[in-house]
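What TrEMBL says about this protein:
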- A:21-40: transmembrane segment (TRANSMEM)
- A:110-130: transmembrane segment (TRANSMEM)
- A:151-184: transmembrane segment (TRANSMEM)
- A:216-235: transmembrane segment (TRANSMEM)
- A:242-263: transmembrane segment (TRANSMEM)
- A:291-311: transmembrane segment (TRANSMEM)
Amino acid sequence: MKFLSLVSNEWIKIFSRTRTWVFIALPILIVLGVAIYGKVNEDDTVKSNWKQEVTQQNKDLKNQIAEAKKDGSPKFVAESLENEYKQNQYALKKDISPYETTSWKFMKDMAPLSSLLGLFVIVVASDIVAGEFAKGTIKMLLIRPYSRWKVLLSKLVATLAFAFFLWVILVAATWLFGSIFYGFGGMDQPYLSMVDGKIHEKLISEYVLANMGLEFIEFAVTVFLAFMVSTLFYSSSVAIGISLFLTFAGNALVLFISSKSWAKYTLFPNMDLTQYLDEGLQVVKGMSLPFSLGMLAIYSALFLIITFAVFQKRDVKA
Amino acid sequence: METVHTLELKEVTKKMKGENVVNHLSFGVRKGEIFGLLGPNGAGKTTTIRMIVGLISMSGGEILVNGLDIRKNYEKAMEQIGAIVENPQMYDYLTGYKNLMQYARIMPGVTRERIDEVVKLVELEQAIHKKVKTYSLGMRQRLGVAQALLHRPSLLILDEPTNGLDPQGMHDLRNYLRLLADQGTSIVVSSHILAEMELMCDRVAVIQNGKLIRIDNVTNVTDQAQARVHFLLQGSLNDAKSLLAEHFPEKTAEVSDKELIVEANTTQEIGDINKRLVEAGFLVYGIQLKKKTLEERFLEMTGKGGDLNEVSVAGQ
Ligand SMILES: Nc1ncnc2c1ncn2[C@@H]1O[C@H](COP(=O)(O)OP(=O)(O)OP(=O)(O)O)[C@@H](O)[C@H]1O
Ligand SMILES: [Mg+2]
């Protein structure tokens, strides 16, 4: 009961900051803007003559493939062009229009927005501990009759709840605006994906739901990482900077180490769980969804142990 | 008879960077007493307070709050403490009231009526619904006092509470602390200003370099602060000095600028000196009494070492 009061205190503090309202409003506005823009610029001629369009695309693709093979570009360039080519062919044959937008298709298209949310979550998580040390308010909090781990846990719970809240807002906004502008249907709309060089038909709605679930797990791990950084550093801007650097440079780093045998045991290749939704997106080989979930669990536990151990022992001289 | 102590420190030590910032410090604060921690900058007052409220660990020793070891019964012990440690930093993006709500929510038995009561007490009614970032230093200090009082702690610890308060605010705070003490609250106040301690405290612990120099009733400490009497006069200061040396051989006089400075304790002494000067034809146009600064007292105390008791007897 009293622990929940600690959590609601943190929650109130998060929502008393102006930036929090920007974090909430911005994704909603972007989704609304994209929905309106897409609707206004919808090309009905392409929509009804999509077969012509796709046939033309394939002609271009063929030339590009030939060129890619000649000028010695890396193999995967030609490969991915070929995949696209095959998918187009399949679409023509089975009469599946890639130009049909439904609310679910819209949600799939909006998925990359979650990295924006990731950024917001990092800011909040990095600031929630380091910010209080920087301002000195932490000492007013730590002289209350609560063990330190309870205070820290309340901050962690509040941050996770906030991440969840942002994520719900994004999902709700994309679904709502998608439905308003493109209709409420589309649960059974298929899309094409390549598995082991073969084309499969999958449901967009299934993709969207799986994507949302996996993304939330990514969010949680991001929170644990940023939260650890937040506890280790006294300045919130330094903490935010380091967390952002780790998260975004980490993804770039994956490319450099991808050929190493130990690459799959590092954090960042495992952070991208949505790679398992589409074959061929994997940069580091030899990983699977259960493997990555296991690795993330181990890393999360490690982060949390470090965070709580450091916080418990630390002398507060703020 | 053993008195029950609200707060008891036993051989408390804090090592920082290889140095004992607080060095085997022991003292007890009785129920209903206002206890002063007196010491110059860097003496270790704040460090001691941080250890009492659990912000930093102890390198050695033991701290008991109403008999509870703070290391073993941390939450129980902290429930009984209200504190300001150095500047009370509040959330400046929240209003004063919302800041108090933060602490009210997590402390036992704080009602809205209690918040209003405390706000009224520190006279922040006007500003309480404004954001703390708009507060002046004194207003922040008042809000700090308010949050420390909210849950009616049995031990109130205030680190330099008069910092930033105007004379009226200081006066009110003193009166209120006395009222709380009379109702049974034990209060620890730190300061480096002797005069302030004199007005506020029952007993003081004098600390220097982390060590306890003495604990005494506040009157005993302040009375020894020998006054330095400054005689402002016209004429040769050196002649005046020789005159004094002749008639008051036990006094050492100093000459500075336009003044003759003599150490004197009683009004009788001061009157006698003045009489001599006037009779010798000096025009005395001012006599100023300046109590020794705390720093000087410390130098004296530490310099005399074992003679402290002797001094305190002489003071009475
Ligand atoms: N983080 C630290 N690392 C090392 N030494 C420190 C640290 N903080 C304080 N000290 C030292 O501890 C000593 C006591 O400091 P403290 O803040 O307790 O003094 P204080 O009595 O409260 O002084 P003031 O009247 O200035 O508030 C000082 O000599 C200071 O140099
Ligand atoms: Mg201090």
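Please read every residue number as a count from 1 along the shown chain.
Each residue, glycine too, has its Cβ placed from N, Cα and C.
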Checking A:21-40, A:151-184, A:216-235, A:242-263 against the transmembrane segment (A:291-311) for Cβ pairs under 8 Å, the most are found for A:216-235
Outside the transmembrane segment (A:242-263), six or more residues from its ends: residues with CB under 8 Å to it
118-119, 122, 125-126, 222, 225-226, 229-230, 233, 269, 271-272, 283-284
Who are the long-range neighbours of the transmembrane segment (A:216-235) in its own chain, taking Cβ under 8 Å and residues 6 or more past its ends?
114, 117-118, 121-122, 125-131, 133-134, 152, 155-156, 159-160, 163-164, 167, 242-243, 246-247, 267, 271-274, 293, 296, 299-300, 303-304, 306-307, 310-311, 318
